[in-house]
């Protein structure tokens, strides 16, 4: 019979097989194993499972022995045991998944270099000097050893307790009695102790919430509309609760402790101070001047009227000489008018917004009676960074993005960063570890000298004076040192692929030698067989990498590997930790703490649909909810970094302002670096980000564009916004009354926080929606409460009391990370609503647009945050082929949306009509390519046939054409005026609209139809990101010509129109009765087409000056020859000769 002693919150939990129940797992009942791996990757432990496997059919029974407290066995202070356990958890790699145990592998070494920050995984620590004990000496927040004796004898926590209890309090080193035998006092003497949560006597989940569980009482507390009653979800305390929707005492003595009801923290005085202060908003809405917006709206109305009259005239006046030409042109013009209307109507209400960061600081970080140190009351922030392939997304780019996040101006203890590696590559893992190591130097340097931007690669590449406005005398010295360290950091990261390959080859050779020796020992005289050992990928500590190997093998391939979670930087302490002057930099007055950094690679197994980026994002949502549970989430692509260190605070101004609880997300504009100065292919996309998105901000808000978006976690969970009704009155309700009960499509139904009121609802429906993780389910109301605005004004509804978020965050323990492993498993989403109604929505290559649409469809609003200094910057493909494939993916997603239930025509009544039109245009715009291609060929057909779309160029046609053109130009000028874009940017957008419309959009329509009709699945390759190492030619990709079938339609249009111009010109010259009006009309429209396709033609030429002159000569000769041939074959009527006596041979 085997038995294991189980001590709560002790190191024996980490060294033995601890029976930690995982609520998020299937009924199989896996356990979390803390074990040491050998160099070959085998785990050494003696759990019941291992004994069963080794001893075969013998029956074993395990039980847990709880030893009662005795003089020799006293329970340890929970704060100390939690702190030590967090230290072990932060230095362990957790793996697990489908049909496998969750294991924590203690990482003695994460990277080849030595970590130099106490928060980093694998940081160096001294070992216990007691013979036979290999435990680590307890350390403080600075990583310094805590030694209880003046002789500096190194002893671990367990051995120190044994020496005090059984050794008479004698130091094993100097044999002198300890002056202090209390472990808590030893910690207090050497470092600061973390304050505990209120009511620390309860368990972790009991400390999270104080919930009224009576179903009868909850029925009374529920509002008449069925809205969630926010008074029930409050943090534990002995007094009454805050201001806003919570209860206040009538005499206003909350927190005064006069009658024993308050807790004496002075929060009542703070609330009175809030009421007495003049209320200041965090954001302001800046309307467009009436002198600009009024003429703009008037011109839209005039153009609509003129278009209607013009199309009516076109339909009534046919061209009997070319009815086919007239018919095609009229159909195309009707569609263009509809497309323009769908694009223009949502632009009727553009607005601008501004934030006030000073007010944010005053409200959330100003010292008060209850918060004398001015500890931040801002909510937590979880930042998601996604990467999938280190070959196409260079690790150095991702590492720079991580460094910009870690250095952001936001309370360190409130900020967490999660890196999703969907490829499970060791290269990405070690690059993130290198970034965490370099952050020890980079982040304090940024804080000390107020560096902008805080991406080191971008900062050291700035083409301006780096010493401008820097007042500290040691800045030059510090910058030089940091620059040297960054150069070494880049060398280490760029050499990681070769380092990992050499390391793996060396270990593989060693394993082969071992196997050959074993073979010789087992087979003395028998012939030797070739030794075949799978070529594994090895980590720096000499063990197998649990993710994807360089040479794919079973359980170690891109689509088949275990889930991995590694805490790269453990959670920081709650109090500032200042540096010292003796180090690399003088950091005496600089906070050297770093935010929580977690590496996550979700489990992938064959037979499970992983849903690409959307699935990776949902895995991060669940894992982060368990580990940090920040009520707000910012998602960034790996090549988009924080350019403005205050960007997070600016976004938080909107969420924390009055009415901010109804905002589902704050979208920031995308800004790009590395674009050619002329922006040949409209990569900046300023018309969309500065015109369309500002206009949507005046409605229900901008669409979600995939990156640079700050989410409210509770909105991602599929809940309705606060104070929402099932149906809002529409413009047709007066004429067609809506029935009281209506069936709503399943994907349009939203969860309500009132669904949690009934305990039976929790037990039955909630796991079916979110999965069977109780940790995840219990975190939902916590995120809802923490995400509320501050109740500092009577008009603020659904507010939270001040100071509620100044409590320290909970420490990480093994069960928490084990639960996070469970929720990123491949099977977790089975039979749940993840991806269908919760989180990022599956089923489209543009999951971002669909996810934002679902939120707006539930009644949520979003805002557009344009900061004075760009919030984020990224890279964009400047190569023509890559740009076309990017546009193809976007357009294909739009076609999928149009043929799905996410079509805006099926939107709920909660969505405004203009917002619905905007989403409808998102699904319709690729279909314009069909009519656009036809219309681009019409000028050529007109020149070839000698006819035109109208019978004659009369005054009516020309007047209509002139008015339509003038109104279009005036609208463009006014858009430029209120949006701030340039005329060149507007023209580049027009050019690429035609380039993309005649190439990528047409292919997207065909692919979308194939998927809908034939069920052909669509797959796209990942867009390659530039590593930024090509300093010789920054725009080398711009001139690279890579052939793709998407180029065929534009090339054909260019060639046909050029030939048609030559043919029409030749025919008119040699005609007896030249028809110059038809020639001018055809040539004008052909030049209109060619002018739009000029950037495309320029891209085909490659680098300037590389196209041989003979190519242009032969092109001209071929065009002239074809023109003469056409005239010879089809000469003008009544004349069989060309140019008099000259005849074509």
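Even glycines carry a Cβ here, placed using N, Cα and C.
Taken from Swiss-Prot, the feature region 'Disordered' applies to 1-36. Taken from Swiss-Prot, the feature compositional bias 'Basic and acidic residues' covers 1-11. The transmembrane segment annotation in Swiss-Prot covers 291-311, 322-342, 930-950, 956-976, 1002-1022, 1046-1066, 1079-1099, 1109-1129, and the record cites sequence analysis as its basis. Per Swiss-Prot, active site is recorded for 422, 848, and the stated evidence type is sequence analysis.
Straight-line distance linking the Cα atoms of residue 422 (active site) and residue 848 (active site), rounded to a whole number, equals 18 Å.
Listed as Cβ neighbours of the transmembrane segment (291-311) (distance under 8 Å, sequence separation of 6 or more from its ends, same chain) are residues 330, 333-334, 337, 340-341, 344-345, 347-348, 350, 960, 963-964, 967-968, 970-971, 974-975, 977-978. Of the recorded ranges 930-950, 956-976, 1079-1099, the transmembrane segment (322-342) has the largest number of C-beta contacts under 8 angstroms with 930-950. Outside the transmembrane segment (1079-1099), and at least 6 residues removed from its termini, the chain residues within Cβ reach (under 8 Å) are 680-681, 880, 936, 938-940, 942-943, 948-949, 953, 988, 990-995, 998, 1038, 1041, 1047, 1050, 1053-1054, 1057-1058, 1060-1061, 1064-1065, 1068. Following the DSSP three-state reduction, the secondary structure of residue 848 (active site) is helix.
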